[in-house]
Amino acid sequence: HRFDVLMMTPWFAPIVWEGTYNSEILNEQFRRRNVTVGLTVFAIKKYTVFLNKFLETAETYFMVGHRVNYYIFTDRPEEVPKVPLKEGRNVVVLQVQNYPRWQEISMRRMELINSFSQQRFINEVSYLVCVDVDMRFNDQVGVEILSNLFGTLHPHFYAAERQSFTYERRPASQAYVPRDEGDFYYAGGFFGGTVMEVYKLTKKCHEAMMVDKAKGIEAIWQDESYLNKYFVYYKPTKILSPEYLWDDDLGRPEILKKIRFLALPKNHAAIRNK
């Protein structure tokens, strides 16, 4: 039990911190249900350089003992590394086109996850976990994260007041969140749920982006802004603590007993535009 952190939202969704759950019980439950988890990741252009470390660390720490499909969206299928996988785990390469601007690539993610959810994912996995590729797994990330719909507290804002959240504040945008609304600020780099719930989320976000695009508006933090808007009105059934998406530039606060998924230091400009 933890007394130093918020463990439950006002709508009774658990917030997952180390020390708030029993992984043996949870693993047993999910194994009985014979759950397969899909992990979606985008490796467009030079971002394929991150795949090796990403997949190797996922094999060590992600959903250990469960069946996993790694869905890798890439425009360079020949650059997807051959990483040794444990039994019941597969890499599925999904070829997509790239776009000149990284913001555009970032926003296309919702559209692609959405269309593949109905074409493929619904027939192959029970849950989808959608994450950034320029990361490495650093500790166990298991079935404790799974729920109908989950988001992750943004490492920069988990302890912040609502006033400082960087929601889209222009009323003309579909991602607009009024100043007196919103509970948490969620990271765009780690969300998920059942395939059906992720389908609904990505559909809504993609449609909102298209409306904005037609008006020449791009939300302040691209897909993250639309995700945050969605979570204001469709509350997640579980929330992950910043253990699940951390950046060492922020140090290692006492509150974090484990760092499970960690941003890699990188030169954005060099990679984004290659």
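Keep in mind that glycine also has a Cβ here, set from the backbone N, Cα and C atoms.
Annotation comment: TrEMBL describes Phe42, Ala43, Ile44, Tyr47, Asp132, Val133, Asp134 as UDP-N-acetyl-alpha-D-galactosamine binding site. Taken from TrEMBL, the feature Mn(2+) binding site covers Asp132, Asp134. Residues or ranges marked as active site, nucleophile in TrEMBL: Glu224.
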Fewest other Cβ within 10 angstroms of its own Cβ, chosen from the recorded positions Asp132, Glu224: Asp132
Pairwise Cα distance for Phe42 (UDP-N-acetyl-alpha-D-galactosamine binding site)/Glu224 (active site, nucleophile) [Å, integer]: 15
Whole-number Å value for how far Glu224 (active site, nucleophile) lies from Ala43 (UDP-N-acetyl-alpha-D-galactosamine binding site) (Cα to Cα): 18
For Phe42 (UDP-N-acetyl-alpha-D-galactosamine binding site), the number of other Cβ atoms found within 10 Å of its own Cβ: 23
Ala43 (UDP-N-acetyl-alpha-D-galactosamine binding site) CB neighbourhood, other CB atoms within 10 A: 22
Other C-beta atoms that fall within 10 angstroms of the C-beta of Tyr47 (UDP-N-acetyl-alpha-D-galactosamine binding site): 25
Rounded Cα separation (Å) that holds between Ile44 (UDP-N-acetyl-alpha-D-galactosamine binding site) and Glu224 (active site, nucleophile): 18
Nearest-integer angstrom distance between the alpha carbons (Cα) of Val133 (UDP-N-acetyl-alpha-D-galactosamine binding site) and Glu224 (active site, nucleophile): 15
